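Taken verbatim from TrEMBL:
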type: TRANSMEM; residues: 38-57; note: transmembrane segment
type: TRANSMEM; residues: 69-91; note: transmembrane segment
type: TRANSMEM; residues: 124-142; note: transmembrane segment
type: TRANSMEM; residues: 149-167; note: transmembrane segment
type: TRANSMEM; residues: 179-212; note: transmembrane segment
type: TRANSMEM; residues: 286-305; note: transmembrane segment
type: TRANSMEM; residues: 311-331; note: transmembrane segment
type: TRANSMEM; residues: 352-371; note: transmembrane segment
type: TRANSMEM; residues: 377-397; note: transmembrane segment
type: TRANSMEM; residues: 417-441; note: transmembrane segment
Amino acid sequence: MMEPMTTYSVYKWLRKKRRKKKFDLYKQTYHMVVDPVMVFYSGLFVIFCLFIGYDWLQQLITLLDGRGTFIAPYAFFLPLLAIISASVASFTDPGLRFTSSELQLSFLPHSRKWLLTYLFLEKYIVQLLIIMVVPLPFALVLMSWESAVTWVSLLLISYPLSLWMQWKLFSMSSVYKMSVFLFSAAFSVLFFLGFPVLLLYLGLSVIVLVCFIRKEEVDWGRVIDINDARVWNMWLVGYFTEVNIKPPKRFGITKSIWKKKRGRHYSAQHLYGRIWTGYLQKSADVVWKTIPTVCLIILVIPMRVDWMLMFTLPIAIVVYHEVAGGLFSDVEGVFHPLPIEEESCKNSYLKWAYIGLLPVFISFISIQTVLGESLVAIGMQLIAIILLVYVDLARVIDERLMMVQKENFYREEWRRVAGLILLGAGVYHPLFLLGVPLVVFKIGRSTLKELIS
């Protein structure tokens, strides 16, 4: 794998060549369909309109000076609007312009993740410049300095969030996209009804977290088809030249909703999932003993002594993870006649393991509601539990697979112990939960790249 700077230099060369080809293409189209005389008079008309617009804008700014304070509170609606726009746009547009040129470049020793990172940063920098030129001056004129900073700050956060969500949702099923849209729309309605913003942001964090947890293979074929047509503006060239450059393809919302995924039942992950389903059915006695036991650990003891939830919650998580890891340890017997593709094997099993945790989450929410915990605290605790469970369970399964394959590995038990201690302390006071992501995740380049991939 080549160094990131080498990949970036090749990427810049590719972009330069593409800009030159697009310029030549537009130049040929211009000479074919545009009358120079019409362009000249149109330019004069545009200049005349700019003078009129400048005078009108000066009068408008004087009229609206300082009268934009009533829109200041709506700045907190921007993250909700970002998720809604991302879910709608993801039906027809991946967001990042990863074309066939970048795909061919990724077949060489250039990381596809780095190429996606460059595309993300490039689009964000362009949007940052647009924000500094247009919304920021208007915000400084129309509202107070503090309100303007709030608006621009949330806008700078909302745009990359929307772009990342759009890329992740594009390759997911239409049902999943629609679910994200409906939940975001419901949160938006609650926002205008005066619901606490902090609770809405907690719900929004759960949606983002679920998208981050869900591992979905990118539909590269559909991404390339759409981006090639958009980057080269084939529809515009075809419209002016009246030449059908490529067969029309429908990538609208209705088409993507009813479009079937071909070959889904023959994918490696689906086949592994069916094998694991059969294995878990045979091990139903262990499954049906473990899940109720874990739920009872969370529910029964804290009903008698409420502070014991600080200890029963981590114990329940450890018990579930160890049982799940023990069932996975029989992977060699389950797939004895078949070769094991590690990622598909692990992901298909983890999918069922995460689903099995739903009763545990419901039990925790129920006992905290009965004990009179606030909704904000429950939301923070639930997010911390999901983070810890997602990372720790995947780590347990990785270790079991390496044990089966007799590979050497290093156990970072301190992360697990520290995460469980902070989670238990977070039941006592939610501020302890802020330390859970710090000890659970390995913050570094790999984590940042995974957000894009």
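Note: Cβ is positioned from N, Cα and C throughout, glycine not excepted.
Predicted automatically and left uncurated, TrEMBL annotations should be read as such.
Because the structure is a prediction, the values reported are computed rather than measured.
Of the two recorded stretches, the transmembrane segment (377-397) does not lie close to the transmembrane segment (124-142), with fewer than three CB pairs under 8 Å once pairs fewer than 6 apart in sequence are set aside. If you look at the transmembrane segment (149-167), the same-chain residues 6 or more away from its ends with a CB under 8 A from one of its CBs are 72, 75-76, 78-79, 81-83, 85-87, 89-90, 93-96, 116, 120, 123-124, 127-128, 131, 135-136, 139, 143, 180, 208, 211, 451-452. Taking pairs at least six residues apart, the transmembrane segment (286-305) and the transmembrane segment (38-57) share fewer than three Cβ pairs below 8 Å and do not count as touching. In terms of C-beta pairs under 8 Å, the stretch of 38-57, 69-91, 352-371, 417-441 lying closest in packing to the transmembrane segment (311-331) is 417-441. If one looks beyond the transmembrane segment (417-441) by at least 6 residues along the same chain, the residues whose Cβ comes under 8 Å of a Cβ in the stretch are 307, 309-311, 313-314, 317-318, 376-377, 380-381, 383-385, 387-388, 391-392, 447.
Long-range contacts of the transmembrane segment (352-371) within the same chain, counting only residues at least 6 positions beyond its ends with a Cβ under 8 Å from a Cβ of the stretch, are 213, 273, 276-277, 280, 287, 291, 294-295, 298-299, 302-303, 306, 309, 313, 316-317, 320, 324, 377-378, 381-382, 385-386, 389-390, 393, 397.
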